[in-house]
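What follows is a single structure, written as structure tokens, with notes after it.
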Amino acid sequence: MAKTLSKSSGGALAPWLGISLIVILFDQLTKIAVLKTFAYGAMHALTPFFNLTLIYNRGAAFGFLATAGGWQRWAFTALGIGATLVICYLLKRHGHQRLFSLSLALILGGALGNVIDRLIYGHVIDFLDFHVGAWHWPAFNLADSAITVGAVLLIYDELRRVRGAR
């Protein structure tokens, strides 16, 4: 008979880590392809509003602290590793909560994808460039997308939980 998970027992960590691993693999494979295909700073238009490019981000989201002098590489790496530990703890404890755990798995995969870049290259590889006319959204990557989707799902899950408690 299959063992069922109760709210008090937490849940299996492996499925959620598997999702994180898939995010990391897709993120790293796309970055490798972009590094091998594009010159730094070149833009390749795919649609009137979307380009592929190769940008190095030494800061955080939207280039925050990109010119800070190098310390940010290690600070953001440490932050990513710290987030990994907290997320793994939460996944182990709340693995039975599917939407919550999915959101954390996506955030974990994205965070580790960018940590890998910082450790290997000293910066994060960004390549997705959306724009309207001459205005460009800051370039980003699949890891950033996974973090964003995970954060949106986390907010949705919390709103759903709070509304259900009323």
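Placed from the backbone N, Cα and C atoms, the Cβ positions cover glycine too.
Swiss-Prot lists Asp126 (among others) with the feature active site, giving sequence analysis as the kind of evidence. For the recorded site, Asp126 (active site), the DSSP three-state label reads strand.
Summarising the annotation, Swiss-Prot assigns active site to Asp144 (among others). Neighbour density for Asp144 (active site): within 10 A of its CB lie 22 other CB atoms from the protein chains shown. DSSP classifies Asp144 (active site) as helix under the three-state reduction.
The transmembrane segment feature in Swiss-Prot is assigned to 10-30 (among others); the stated evidence is sequence analysis. Nonlocal intrachain contacts for the transmembrane segment (10-30), taken as residues 6+ away from its ends with a CB within less than 8 angstroms of a stretch CB, comprise 88, 91-97, 101-102, 104-106, 108-110, 112-113, 116, 127, 141-143, 146.
Within its own chain, the transmembrane segment (32-52) has Cβ neighbours under 8 Å at 125, 127-132, counting only residues six or more beyond its boundaries. Residues or ranges marked as transmembrane segment by Swiss-Prot on the basis of sequence analysis: 32-52 (among others).
Annotation source Swiss-Prot lists transmembrane segment at 71-91 (among others), citing sequence analysis.
The annotation transmembrane segment is assigned in Swiss-Prot to 100-120 (among others) on the grounds of sequence analysis. Beyond the transmembrane segment (100-120), the same-chain residues lying 6 or more positions past its ends with a Cβ under 8 Å from any Cβ of the stretch are 11, 16-17, 19-24, 27-28, 31, 73, 76-77, 80-81, 83-84, 87-88, 90-91, 94, 141-154, 157.
What Swiss-Prot lists as transmembrane segment is 135-155 (among others), and the listing cites sequence analysis. Remote same-chain partners of the transmembrane segment (135-155), defined as residues 6 or more beyond its termini with a Cβ less than 8 Å from a stretch Cβ, comprise 23-24, 26-27, 30-31, 53, 55, 57, 61-63, 99-100, 102-114, 117, 124-129.
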How long is the line from the C-alpha of Asp126 (active site) to the C-alpha of Asp144 (active site), rounded to the nearest angstrom? 9
